[in-house]
Amino acid sequence: MSGFEQLFAGKLPKLIMFDLDGTLVDSVPDLAVAVDTMLAELGRPIAGLESVRAWVGNGAPVLVRRALANNLDHSGVDDALAEQGLEIFMRAYAQKHEFTVVYPGVRETLKWLQKMGVEMALITNKPERFVAPLLDEMKLGRFFRWIVGGDTMPQKKPDPAALFFVMKMAGAPASQSLFVGDSRSDVQAAKAAGVACVALSYGYNHGRPIAEENPAMVIDDLRKLIPGCLDMDAEILLPDIKRPSSRESIVVVTRKLWMKVIKALARWRWRA
């Protein structure tokens, strides 16, 4: 039985929100290159791929601090050093994504969901400036109507603010929404928003099995959400889902747009 059949009683959700790193793409090799470049410039021993794999998932500033501490616990890292390290890291990571790859089954699943008219959003803790170029390189951007970066809003996952914002934009209640991620912060954000969370077992969760976070379901291939699993021609009973038109297919939620939303809400509250 597919994930959708188990979680939504034979229907599709109206909205699916995805994490990026560790869920749709394996970006650790390029992140590790940038981290090691930063450490080398600061005269510190390089970390290596596996250490970086255990540190990712909470955004670039936290990743840099963990690398400087050589530990998940980064409380003792000097703020000035962290700022310097972050600047070097951001410069190094912006250069290219030579080693990042899309996980097996991701493109097929996104194509199928798009074909079925499901609204999709991307909510990542990756800094906004890196998201669009990476999606372009991986040829994934066209699938998402809403894209929210880690510094787009004042809060990032595990805070559920981005999930609430996207659900509001999509007109989708929590009962018809799904979050797909790979880490503790993803599961916590989904639970805080009242949304079911499907977790990928192959992602980044600081070396801990994601099942320990008690998501609604754990899968090892995104295609297992689909009825018939690997059958891309499968059909399923749909709730009343409106297929988005091509001209309104993508809305990148930038910091500038978010501030406009905040101001509009403030005006509405004042008038009320």
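Think of each number as a place in line: the chain as shown, counted from 1.
In case you wondered, yes, glycine gets a Cβ from its N, Cα and C as well.
ASP19 (active site, nucleophile) carries neither a helix nor a strand DSSP state and counts as coil. Under the heading active site, nucleophile, Swiss-Prot lists ASP19, citing sequence analysis as support.
Annotation source Swiss-Prot lists Mg(2+) binding site at ASP19, ASP21, ASP182, citing sequence analysis. The Cβ of ASP21 (Mg(2+) binding site) lies under 8 Å from the Cβ of SER27, VAL28, LEU31, VAL56, GLY57, THR124, ASN125, LYS126, GLY203, TYR204, each on the same chain and at least six residues away in sequence.
In sequence order, LEU122, ILE123, THR124, LYS157, PHE179, VAL180, GLY181, ASP182, SER183, ASP186, GLY203 constitute the residues six or more apart from ASP19 (active site, nucleophile) in its chain with CB-CB distances below 8 Å. Taking the mean position of the Cβ atoms of ASP19, ASP21, ASP182 as the Mg(2+) site, the remaining residues of that chain whose Cβ falls within 8 Å of it are LEU20, GLY22, THR23, LEU24, GLY57, THR124, GLY181, SER183, ASP186, LEU200, GLY203, TYR204. Within 10 Å of the C-beta of ASP182 (Mg(2+) binding site) we count 26 further C-beta atoms, all protein chains included.
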